[in-house]
Structure formats: C-alpha cells, structure tokens
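Swiss-Prot annotations:
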REPEAT    1-36  repeat 'WD 1'
REPEAT    41-82  repeat 'WD 2'
REPEAT    96-137  repeat 'WD 3'
REPEAT    141-195  repeat 'WD 4'
REPEAT    202-244  repeat 'WD 5'
REPEAT    250-289  repeat 'WD 6'
Amino acid sequence: MIHDAGLDYYGRRLATCSSDKTIKIFEIEGETHRLAETLKGHEGAVWCVAWAHPKFGTILASSSYDGKVLIWREQHQSPTSPAAGSAWTKVFDFSLHTASVNMVSWAPHESGCLLACASSDGHVSVLEFRDNSWTHQIFHAHGMGVNSISWAPAAAPGSLISSNPGPGQQRRFVTGGSDNLLKIWDYNPESKTYNITQTLEGHSDWVRDVAWSPSILSKSYIASASQDKTVRIWTSDASNPGQWTSQQLEFDTVLWRVSWSPSGNILAVSGGDNKVSLWKENLKGQWEKVKDIEE
C-alpha cells in the first residue's frame with residue numbers, strides 16, 4: 001500500500017513510499033514515467049517522503065513506523081567512472097524517536113536546511129544541516145502522540161504589503177496531535193529552543209493532518225483535518241497575530257489530509273470515502289466547496 005507521494009520542486013521526479021518498507025523514485029517525462037531507483041533502509045512501513053529545496057542539492061527525507069528518519073541524497077558520479085550517472089546514498093540516519101515517525105516536513109528554504117519530524121512517542125524533532133553536519137533538537141509536544149507537522153511561511157503575514165515590515169525570517173510551525181489539539185511553535189534565537197506560543201482547541205478527536213497556508217498576504221491560515229469528521233480553518237489577522245478564529249467544515253467520513261494550493265487560496269481535503277473536495281473563501285469570509293473529485 002502506498003502511503004505518500006511527492007513531486008520534486010521541478011515536477012520531474014515522483015517519490016512514493018509504501019508498506020513494503022521501500023521508497024521508489026520515478027522519472028516523469030510528459031505522460032510517461034519510469035522507475036529510476038528503489039531505496040531500501042527502513043525496517044517498517046514508510047509513511048512519508050519529502051523533497052528538500054533544490055538549493056540544498058537533490059535530497060529526500062523519509063519517515064517510518066520503525067521510528068527512523070532517513071535522509072537520502074543523489075550523488076552524481078564522475079563522468080569518467082564506468083557507471084557514470086547518479087546514485088542515491090543514505091547520508092543521515094536519525095533514530096532517537098522511540099515510536100513511529102508519522103510525518104516529516106522541510107522548512108521554507110529561506111530559513112535554512114531544516115526538517116521537522118512528528119512522532120507517536122509524543123515528541124517533535126528538528127534536524128538542521130549546517131557546516132557539513134547534521135544537528136538536532138528533540139522536545140515533547142503532545143502527550144498521546146504527534147500525527148502531523150507543517151511550517152509557516154518564512155515571511156510573516158502582511159510583511160509584503162506593510163509600510164513598516166518587521167524582521168524577515170521566522171521559524172514557526174504547527175503540530176497536530178492525538179490529544180485533539182493543535183500547537184503553534186516559535187523558535188527563540190536567544191535560547192535556541194522551540195516554544196509553544198499558542199494551543200488551538202476545537203476538535204473532539206485525533207488531529208490527523210495540519211497544513212499552514214503559504215499565503216503571506218494580510219492573514220495566516222491553518223487547516224486541520226480530524227478523526228471527528230471535520231476540517232477547521234483557523235485564521236489570524238496580521239493586525240492581531242496572537243488571535244485565531246476557526247471555521248468548521250463538516251463531512252460524512254473520517255478525514256486524513258489537507259493540502260493548500262501553491263498560492264494558498266484553495267484547500268484540498270481528502271478522507272475515507274476516496275473523494276477529494278476543493279474549498280475556497282468567498283468575499284464574506286466563508287469557506288465554500290467549489291468542486292468534488294472522485295476516483
């Protein structure tokens with residue numbers, strides 16, 4: 001069973017991961033695709049794959065039921081080598097989590113080469129590649145396990161349209177847990193720690209997925225999908241950044257994933273009924289369904 005799939009930055013490669021403990025990389029050419037590589041290294045089902053920004057090289061992260069996060073890199077062989085071309089190697093094996101690592105998420109590239117990891121052991125880890133080595137922080141986040149994690153845009157909302165923009169880069173992310181909560185974390189450069197700045201309550205069952213909208217206009221949006229058959233869209237205005245309000249969207253099935261369009265104005269929701277629905281905010285600030293996509 002395939003659990004996750006992701007296109008690289010250029011849309012030329014697709015990585016998939018599966019219950020068979022492997023990751024497969026396909027080359028996409030027009031309407032066709034070709035299996036280019038099968039990566040083996042995990043000892044359990046692989047839940048998540050995530051491509052890093054190409055400015056850091058061709059790097060892929062994967063997380064698994066085995067409690068590990070693996071970082072893979074494509075190394076280009078010497079043109080004079082008999083096996084000229086490229087080969088994938090495992091460059092980092094992070095195994096400090098004591099239970100399944102359910103999701104990995106790369107930070108916006110402006111913030112650096114940072115990977116956040118969400119685990120069923122209740123902890124979040126943040127890996128950073130700097131000066132040719134990997135460092136990590138690991139900290140407790142949700143008592144009953146962390147299911148999902150998503151970074152905020154590097155620029156604060158309103159910074160593009162403000163006459164007095166604030167400091168440029170922020171390191172901030174949201175987590176969703178089996179305690180039914182969302183938590184927002186901010187990095188403190190002085191203490192070099194991630195601290196909870198907000199806890200968002202509203203769901204009555206596990207939060208399965210969270211997604212921070214990439215939009216950096218006047219508002220911030222976070223979508224959360226829950227076992228309670230609802231999606232909540234949390235909104236915070238740049239004029240009052242600590243205040244979050246939510247709007248609830250109701251469904252007939254358990255919900256698994258939420259995903260924003262690149263511009264951050266359309267939300268895709270998928271659940272247990274094999275449907276994807278697309279939602280958009282109207283001029284009154286209400287979220288409306290604009291399309292259903294069925295298999």
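Yeah, the Cβs are placed from backbone N, Cα and C, and that goes for glycine too.
Contact between the repeat 'WD 3' (96-137) and the repeat 'WD 2' (41-82) is supported by 3 or more Cβ pairs under 8 Å, counting only residues 6 or more apart in sequence. Long-range contacts of the repeat 'WD 2' (41-82) within its own chain (CB-CB distance under 8 A, at least 6 residues past either end) are made by residues 3-10, 13, 15-19, 21-23, 25, 88-95, 97-106, 109, 113, 115, 117, 119, 121, 125, 127, 129, 134.
Helix, strand and coil residue tallies for the repeat 'WD 6' (250-289), in that order: 0 helix, 23 strand, 17 coil [DSSP].
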